[in-house]
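Asks: Below are the features listed in Swiss-Prot for this protein:
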type	residues	note
COMPBIAS	977-992	compositional bias 'Polar residues'
DOMAIN	731-751	domain 'IQ 1'
DOMAIN	785-974	domain 'TH1'
MOD_RES	Ser361	phosphoserine
REGION	410-493	region 'Actin-binding'
REGION	966-1064	region 'Disordered'
REGION	1089-1128	region 'Disordered'
REGION	1183-1230	region 'Disordered'
REGION	1251-1275	region 'Disordered'
Amino acid sequence: MAIVKRGARSKAKQEAPAKSGIKKAEFDLHKKKEVGVSDLTLLSKISDDSINDNLHKRFMNNTIYTYIGHVLISVNPFQDLGIYTKEYLNMYKGKNRLEVPPHVFAIAESMYYHLKSYGESQCVIISGESGAGKTEAAKQIMQYIANVSVDDKVSTTSEITQIKDMVLATNPLLESFGCAKTLRNNNSSRHGKYLEIYFNPSNYQPVAAHITNYLLEKQRVVSQITNERNFHIFYQLTKSCPPEYKQSFGLQGPETYVYTSAAKCIDVEGINDGKDFAETLQAMNTIGLSKAEQDNIFRSLASILWIGNISFVENEDGNAAIRDDTVTTFVAYLLEVDANVLKKSILERVIETSHGMRRGSTYHVPLNIVQATASRDALAKGIYNYLFDWIVERVNISLRGRAEAMEKKTIGILDIYGFEIFEHNSFEQICINYVNEKLQQIFIQLTLKAEQDEYVQEQIKWTPIDYFNNKVVCDLIEATRPQPGLFAALNDSIKTAHADSDAADQVFAQRLSMVGANNRHFEDRKGKFIIKHYAGDVVYDVAGMTDKNKDAMLRDLLEMLSTSQNTFVNSVLFPPDLLAVLTDKKKRPETASDKIKKSANLLVDTLSQCQPSYIRTIKPNQTKRPKEYDNAQVLHQVKYLGLKENVRIRRAGFAYRTTFDKFVQRFYLLSPKTGYAGDYIWNGDDISAVREILKSCHIPDTEFQMGTSKVFIKTPETLFAMEDMRDKYWHNMAARIQRAWRRYVKRKEDAARLIQNAWKVKKHGNQFEQLRDYGNGLLQGRKERRRMSMLGSRAFMGDYLGCNYSSGFGRFVLNQVGLNEHVVFSGKGEILLSKFGRSSKRLPRIFVLGRSSLYIIAENLVERRLQLSKEFVIPINSINYVGLSTFQDNWLAVSLHSPTPTTPDVLINLDFKTELVTHLKKLNPGLTIKIGPTIEYQKKPGKFHTVKFVRSDVSTIPIHGDVYKSGTVSVRPGLSPDSQNPKRPRATSSKVDYSKYYNRGGRLAPARTVPPAHPTSQQRTPVAPPSHATQQQPSYPTPVAPVHQQPNNHVRKVPPPAPSLNNNHQEAVTAATAAMNHVNIQQPATVVQNHNSNPTAPSRPAKKAAPAPPVKKTAPPPPPSLSAAKPKWPTFKANYDYDGSVSGSMALSANDIVYITQNNGQWSLAKSLDESKEGWVPTAYISECPPPSNLGGSKSPPPPPPPSATTRTVPEQGGNAAAAASTQQEGGLSNGLAGALLAKKNEETNLAGSIADALKKRSATRDSDDEEEDDDDDW
């Protein structure tokens, strides 16, 4: 991850600069774990089964929404998932579709955004079978648009607020009058509606609305299938009407009326009719229906219910007669007509004959029971149908507002009945399925057309996809020429036999053979016919179709209603012109098929003028139970909805596409050149930013195409990888913040602990050093000391294995052997173990000293696993004495008062023997310490053994060890027995640069390498290496400011650091930042100058100037001989090997020659001859020696030849540097390959030194402010 330079950290929060509409990235708190794929175009395998499987996975995870591009797939959950709350609504407000999970709110937000941004009217087409959730989806879209368009924070007029409330109130009102409980759905829409919301073009707030009604199912008023219900309003009214209505309209419970009880379903689980009736009344009041209008509505509903209770008996002539005249009398009271006129209109039919233009005779023909029942039901259906139409028109009057005087920008919501297949299908089903065929046709056409237009507009190559065009089925139903369709055949049958319904049905059955001729989507059967719809094959019954197609009330009934004294009946519901249409013999009345055909075509024209959105709803089961998923049923819906073809069309070459700005908004975090700390920093245009992001993610060119305004991603796996990288970015940033915070807290704790320890040492002294001095006093003048024991940093810490910690190896040891006491001392060493018949052997052991006993623990491998066991347990009070030699060896004998075979004397070899003896003495003050040339102990109880110690300088003896053989220990000479530990040396800085451990979160990137620097005419000279804090600084030339590469103009630069009073600090910050940025920088060059010239810093590279005229110059004098150079510091030779294990020290091998720059007694500051390493070494290990003969180089190179008169010279400013470069180049060639390698090594070493020096300077300056935290995280 590249590090961008920035100034010193300020406590004042700095706002990120705004950039071209790209918002600062935010972590999505609401994002759920993805189950399946959220867009079906991202499926690896495209098939009906894979689509069904993906929908199943998401449904079981309560994720009911899935995309196909911009099409939303919704699976009805049959339960409240809590995903339509105010919190969810705000989550989708103003968000791009890619930023949030699939939801119906995302479709609504997209519609409203395009309306505002492009001024295009929008519509949403919601399709699916009955019970799939179309009405609920329409309600949620209305709820969302009403809320986002009327923002609470923006001042709105009372009229706009009223329009919003009325639009929302249409839902409960029309649901009560237009929805019913069916076998498949408890709230099935038995009509279609298209709601258009009109918006003000200036602020896009709703100012009006309009509802178009389609094909109410009138037949449901008079009859329902068993276990279904009539329209909701009848049950609401009969269960919850106020007492005044019960008294005035004679209303009783729903079980009283035939129309509400015949299907044997009065109550429905999950429906509260009383509560719904209260919402219906509230909706009426919101829309503006007056009390008189409401009374007339409920009076009409009561009359329909009582009409259904009119029953018939057969009289003496075999004609129908009223069974109970009180019922017809009460119906006449409700309709405010004469009771005899009502009975006559139901029981008789008036027939007029004509003779040409002359009026004929009039006949009153009595009806039988079947005919009278049909007349009764026709009256009830007619009243309800015209009442529903009037309610819709009355709502439109209230919603009209100011729409007529303004430019119309609308959002349309289509909620229409779904495809229906029943056991017996009649005229209602063919009309419903015809409308769904038209919607499927416009869906295919608009989807494919939009897809084709997009590829052409974006200049993207793609392959056309074959699909089923259902226009042939639509023509089968609606066509008039050249071959008439079903609707035309129905109308012709009515015209041929208008007086007899049975005869008209027979004529229609005969004409079916002509309708379906040569059409493979039609089959004619006796009394039935089959149409192969896109959703499946449906069998329709011929019987009754022609009668239902007439869609007109009998003239007798209309004439009876025109006599009503109620103006709502005779003028509003049944105006006089309605009767005039029936009496006009020159014009054929409009049939139901004519109306539905006209409405469907007008709907298609309206939708074609809008920018469409689509919601395809799916019903998961027939039992309406949550968490139940019928695979076969859903698979059938997936097939007939054409989801696979929709996916194939959408994925015609590319699985994902979006505009450049949205792509950048989503993924700019993935490139260090476009995103920094969550901010967008790219200065170029969006298309170049897209290319940079794809390049940083290493997406090959074959995986994407760039259009004119969109980027197209070919495979879903590419998008998945980028989304995964984006998710990891947030996790890595969170982890980085956590690390930085933990590091900050740890540093504070360490600093506090350091201050506390320093205060304790200052006040009470260092207890570990005091213990060390006490132990040294026990051996003072009696035993030679090892050099490592006399270090100033040596302290008696005791628990070297960490047994007192809660974890680690020491705790593991205690747990293995079952110890649970405080440990005073722990360490690893050896014991001398005697074997029968063989010489003694040194074996490794672990020593743990508690407050009461010394534990010797053995390590054994059992079945390749480490096992620890207590070998000896020696009570401290049982120790008689401890024996040590007078030499610098590590042997220690522990002799007991009464040794036993299980607890014998032991001979121990331990590096920290003096510390162990000290702790034993502290725990047992009466302990005797014997020091002599020999050590005596009992190998076995009663059998003493003596070990002799001799001093030897044989090279085979280790410097820091000894040799045991046959009871004799040979050891090298040690320090004087009177040696004292020096004062503890001052600790060196241990700051760490953490930035090198960071990698940008989630970005796929190869290992970064530093590119080679561009050649320069100046000779590169490394910056001086860092010096120790206590070392006197030598005088060096001031380094020249580095020259950077030309920056990328597209990347926005973070503001440079503020000017500092310390120039050296500023140079250090610049060098360190450039080093961490991995940019190409010119190494600072040593300026070779005359004694009368001043050094000048180079400026930015200027344009190339014309070459100067040739000037003849003499050759420069040869440089001084390198062999004559004197060393900067005295040279010393190492007499012994030193491992450099102490912090801040430097490792040495015997005979190494180093510089010594400082000596404080026991320790000396050493530096290697090439000045690449520096550290402390024991003064006792080194001795002064003359410098080596090859120090500083070998034979001086010969002077270069003088330049030719024709040779061009460089400008005067760089002339000396060029000469020096030439000199060094020739010298390097003369020295051969070894010299070149050595020069390369020195250059790398000095470069590292310059970076380290710069980092130290920057850290020192920052540490001067205690309030500031080190900036060691690169964002």
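In case you wondered, yes, glycine gets a Cβ from its N, Cα and C as well.
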Asks: Have a look around Ser361 (phosphoserine) and count the other CB atoms within 10 A of its CB, chains all included.
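Replies: For Ser361 (phosphoserine), the 10 Å Cβ neighbour count is 9.
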Asks: Can you count helix, strand and coil residues in the region 'Actin-binding' (410-493) using DSSP?
Replies: 48 helix, 7 strand, 29 coil
Asks: Within the domain 'IQ 1' (731-751), how many residues are helix, strand or coil going by DSSP?
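Replies: Counts, helix then strand then coil: 21 helix, 0 strand, 0 coil.
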Asks: Any idea what DSSP makes of Ser361 (phosphoserine), helix, strand or coil?
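Replies: For Ser361 (phosphoserine) - judged by DSSP and reduced to three states - the answer is strand.
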Asks: Mean pLDDT across the region 'Actin-binding' (410-493), rounded to an integer, is what?
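Replies: Its mean pLDDT is 83.
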